[in-house]
Amino acid sequence: MGAVGIPLTAHCVVLFLLQMVALSSEQFTVNGLESPVLVPLDGNLELSCQLSPPQQAKHMEIRWFKNRYSEPVYLYRNGKDLFGEIVYKYVERTELLKDDIGKGKVTLRIFKVTSVDSGSYHCFFKDGKFYEEHIIDVKVTATSSDIQILMHPPNIKGVRLECHSGGWFPQPHMEWRDSKGEYIPATSKSHSQDENEFFNMTMDLFIKSNSHWSATCYIQNFVTHQEESISIVLPGVWDSWCPAWIMITLLIVIHMTYYIKLYRTYATKEMLLKSIQSSSQSSTVDTEKKEWLLKSIQSRIQSSSVDAEKKEWLLKFIQSSIQSSSVDLEKKEWLLKSIQSSIQSAIVDRGTKEWLLESIQSSILSSIVDQGTKVLLLKSIQSSIQSSTLDIETKELLLKSIQSSIQSSIMDLGTKELLLKIIQSSIQSSSVDLGTKELLLKIIQSSIQSSTVDLGTKELLLKIIQSSIQSSSVDLGTKELLLKIIQSSIQSSTVDLGTKELLLKIIQSSIQSSSVDLGAKMGLLESILSSIQSSNVDLETKVLLLKSIQSSIQSSTVYLGIKQWLLERIESIIQSSSVYLDTKELLLKIIQSSIESYSVDLGNKEFLLKIILSSIQSSSVDLGTKELLVKFFQSNIQSSSVIPGTKKLLVKIIQSSLQSSSVDLGTKKVLLDIIQTSIQNSNVHTERKGLLLKIIQSSVQSSSVDQGTKEMLLEIIQSSIQNSSVNQWTKDLLLKIIQSIIQSSSVDLGTKGFLLKIIQSSIQSSSVDIGTKSMLLKKTGLILKSSIVNPGTELLFQLIESIRHSSSVNSETKKMLSEITQSTVQSSSVNPVTEEMIEEKYQLLLQSSSVNLEAENILNVTTQWILQISSVNQGKEMLLLDKIQQILQISSVNPETKDLLLEKIELILQNPGVHQETKDLLLERIQLILQNSSVQKETKYLLLERIRSILQSSCVQKETKDLLLERIQSLLQSSCVQKETKDLLLEKIQLILQNSTVHQETKDLLLERIQLFLQNSTVDQETSYLLLKRIQLILQSSSVKKETKEFVLYIIESILHSSSVHQETKDLLFDRVQLILESSSVQQGLKCLLLNMIQVIFQRTSVQKEMKDLLFNRIPLILESSSVQQETKDKLLDIIQSILQRTSVQEETKDKLLDIIQSILQRSSVQKDTIDTLLDRIQLILQRTSVQKEMKDFLLDRIKSILESFSVHQETKKLLLNRIMSILESSTVHQETKKLLLERIQSILESSSVQQETKKLLLDRIHSILKSSSVQKETKNLLLDRIHSILKSSSVQKESCNKRNPFWKKYALDLGISVFTIIVVTLIMHLKQREADQHFELNTLWSKDTSVILCVLIMFNNRLKALIYFRLYGFSPPGKAHKYIVNYILRFSHPVFCIVYSATILYMYLQIQNKDSLFSLYNSWMVEMEMVLIFLLVIFNVKNIATVLLYFDSTTLRLFFWIKG
């Protein structure tokens, strides 16, 4: 019945699967230590676990973790320790012992166990998908047997007992018990934990006076159950006083007896000491006795058996001897050595050492001791400090003595300076250990912080600190200690303000110094910042610290990376809640001064503003800080000292904050308050207001800005419109914004509705003046007349209807509203609509060609009069200027009308009575006209003519000119302005600068603008090119005054020095300088000025390397150019000469200049006159005694390389050698210079790379020098010495020394040796094979090849190589020896020889094929003769081969000579 359901095979499969599951689930188990495992605190813990059954675990994942699987204490996977995934605090404290990992056993070791290491540890093994773990509980404990009972002095009530015990973990149980073991309640209990987390327990018990007690202090650790106890037996309190009185009486009697005896001994010893002193100081006593006396004193001082009293008397004797003037310096030195050895001795006790040091100190402080003795004393101190044998306790005593000496007011400043030099050398010394240095630095710290030490001493101490920080020899640990001293001194309230100021000056100079490493600078800044954040530091000190930070930010010498790090730290301080508000206020003042400073670059300013923005946007920053930040923003926007570029950055930041969704509504409200106050403030510039209003417009129209922000923005618009203090121009801009928002299709209906409500409330309000209402209604009319119809316009119609029916609106407003809505209203009464109509008529009249010139003139006079009246409101002025702009831009208006109109504009700008704001508005319109590409060129030309006449006029105010120049600058910087317009504008600038009648102040202003423009990296290359072209024309013009040219050159120099100027702009500027120097029409005076400027650039170390490289590239071009006048070249070479002679100029610059000289002399394109002049300069430099030896050495190296060069023309070399001859002939030249020169001549003659012709020329010159009678005898002797050494030298070729030898004689010996070698090698091989009864094989033939190659190598004067080859291969080279030989020849010979050799080998192969016997071939005299003839041909045609090579390749020629040599 059971068999029906499932077949047998199915049963088998199921059973098999179940077995597999059972096997896979029981691969291994993990066993380990039993819990709990106890470990002592600060000890090492070892936890082990084992796989069961034992198996290999190297391939498994082994993970030790505590609470979380993802936070391993140790991780091992696939045979690797994964330190990157271990929890940070266990990385350096754990290790896994894997000695028995093959058996599946591992041990985790944890070092320096802390309290947090308690808990459950999981030992987790994972193999593939299978895993198992074992859990071990660990408990950290610490017990102590150190337990004490302290009994306080008894009183009438009783006695207090105090039980102490330390070094327990975890917190133990502590109690008092009586003699029966019963619990006694404690009076009080307390505990504390030290830095190692050990518990220190204290327990009090008060016992009354009328009882006899036995008390036990009992303490127990609950984890280990270890118990410790201590007992005390107490008699009655009053009974204990009787023996005390007896003891006191006995002590008094004993002391009295002792002091009487001591007094008697004292008198005797004093007499004895005086006797010793007189003996040692007496001149009658011989030296041997004195020495014996001093040695005995030293041995007694160092002896432990001599009592302290005797030692004290001896030390008094030493002190009096040192201070005595009658004792000679040698004896004093000996005494001090004995003191030093006693101090450094380990057997001398502490008391003796203290007395010795006191005697040294008193001698140093004493005014009667001479300076020589004091120097000896100080040297003794120094050697003791720096001694490694001296124990730390003695060093402490010694340093205390030094400290008291420094802080003493009676010590003179000279001695203090010597003492401080000792301290400095000890700090900077690498032999002095860190502990000693720490003690020394503590002395410095206490002296700085002490109020008793005078300011001069403190200044000396601070100089030590400064030199140690800046020194590269001082180790990092010492510098860290120094920085801690600085920080503690700054934060200390005991240190006076003058000392702190000195300290901060040191910090500042160290930060700005290039010699101080980056780590030390960061440490100094960190100490300043931590002091600022500290609540202990007073406000005056913080002010000093912040000034130091300010100078670091504004300094150009401070590295950019340090500045950015500093600014980041400032940001964290601002955002910190722990820092006080007054500190933050001071920090913001620094930021503000940095923003207003011209020395701080725009990049750092942007970074500062971003810091403030992030602080405003941060939710962690408190409201008080945010208010300070907002005030800062407001003051910077409203400040006149802040440059426009910075203000634009501020405005951009505000805009991004308003449009950001991450900024909370409260912060936005604070920012909007800034905008509102700035708009309504009359002191804020109109341009800044315009930027702020653009922010409002873009934010309202932006879809990313939330509705709450938009409502707040619109409320600002409403309050500004309704505010009577806001000027009409601002209101007009606000109304334009309203108009554009209503007409915009991107703005949602809700925003438009809100805007219309603003208009309605403003029209209905009685507080709003009639002028504002008129403007509002006018804008309403413009919206209604617009062809753009959208829901906003419909809403406006509804608004008009509601205003008409409103009872709160007065009749006049309603009347104006009705006039606007009617398109054909004609009214004679004065109202805004009439004004608009008059303006329209005025525009039509001016545009009409039928109107006569007289009528136009009347109209223009009227315009001028309206703009000049200060009572006319700004809104009307704006409208009028709009019309003027339109007239000038329209091409249909005739030029005469435009000219008249521009004449009137000029008169307005020249009139000092016209308001500056009106002029600014007018100039804004002029800028817009010039930027417009649709405006005719003729109109622009007329306009620029007027600008020129304004700038040239002396009656125009400086402010007006400044405004005008600002507009010109922005025009040139704008990329949308046409090139043609810029060219016209620059032409006018040129004419102004060339005009001698123009005031110098105007020219200065203009040139300042040019400088700012060129330094701006955003300006395009084309505009820079145009401007530099004009500068060139100004400098070349003879009509321009010298003062103007000098100012232009000053600007050029400052641009070139500036690191903010783009490299391409500098390159363009150099092009222009080069063109000026090349021009013959330019005056020589101007060229001299330019060249002086170049000299200054070269000599300055602050000038960038790239800058100098650009200048270096130009010098060869100027000198090579034939168009440049010789006079200019002379001046340039004079400058090069003076630079080379200067010691202050950098070596790198000089090296570069010498490279240029060398390249000029090596070029064939350079004119002969230029070379001659250049060589004159070289001669002058070498003849001058004031020029440094190193400089001359440099120059002579260059001369040598020129003479050795193949590319230098022979004529140039001839000229150079003429100069060398004239130097050697000159009697004024220093003998050392001549010696250097002759050394170079020797090296040239000895060199194989120098051409034969050059050597010949040089030898001719030497010959003429020796013949000359004008040459000094010393020079000739030096020259003959050099010739003698050259002739002796084996490296010199025969060609150089003996030119007349026939060519074949040189190789006669080589040829003989070659033939002899061939014969010898052949005979040896023949005899060798005969003895062995062997037949000749092919290898025998290659032995002949070996002899051939020997012949070739010897032929090339290379016997050594031949011998090496002979030794390497022996008599029988390998079977394919010809391959090695051919390769060798290819490397060291010419291809012609290879062809000859290959032909020979081929011929030999052909002969082999035709002969039966190799032996007969070997004996064939024909082959031998042919080979000899071929090699003789090669030998006697070396000259011809050399000639061929000369035409083929100069490099191969050099190689040929090298092999030959």
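Glycine too: its Cβ is placed from the backbone N, Cα and C atoms.
Per Swiss-Prot, the residue from the list Asn200, Asn860 bearing the note N-linked glycosylation site is Asn200.
Checking Swiss-Prot for transmembrane segment across the ranges 254-274, 1346-1366 points to 1346-1366.
Cys123 (disulfide bond) is 42 Å away from Cys217 (disulfide bond) when you measure Cα to Cα.
A 10 Å cutoff on Cβ-Cβ distances gives Cys163 (disulfide bond) a total of 26 other Cβ atoms nearby, all chains included. DSSP states for the domain 'Ig-like C1-type' (142-231), grouped as helix (H, G, I), strand (E, B) and coil, give 0 helix, 54 strand, 36 coil. If you measure from the Cα atom of Cys123 (disulfide bond) to that of Asn200 (N-linked glycosylation site), you get 35 Å. Its Cβ taken as reference, Asn200 (N-linked glycosylation site) is surrounded by 15 other Cβ atoms within 10 Å in the chains shown. Note on the topological domain 'Cytoplasmic' (1328-1345): its mean pLDDT in the predicted model is 48. The DSSP secondary structure for Cys49 (disulfide bond) is strand. A gap of 11 Å separates the Cα atoms of Cys163 (disulfide bond) and Asn200 (N-linked glycosylation site). Taken residue by residue with DSSP, Cys123 (disulfide bond) is part of a strand. In this structure, the C-alpha atom of Asn200 (N-linked glycosylation site) lies 36 angstrom from that of Cys49 (disulfide bond).
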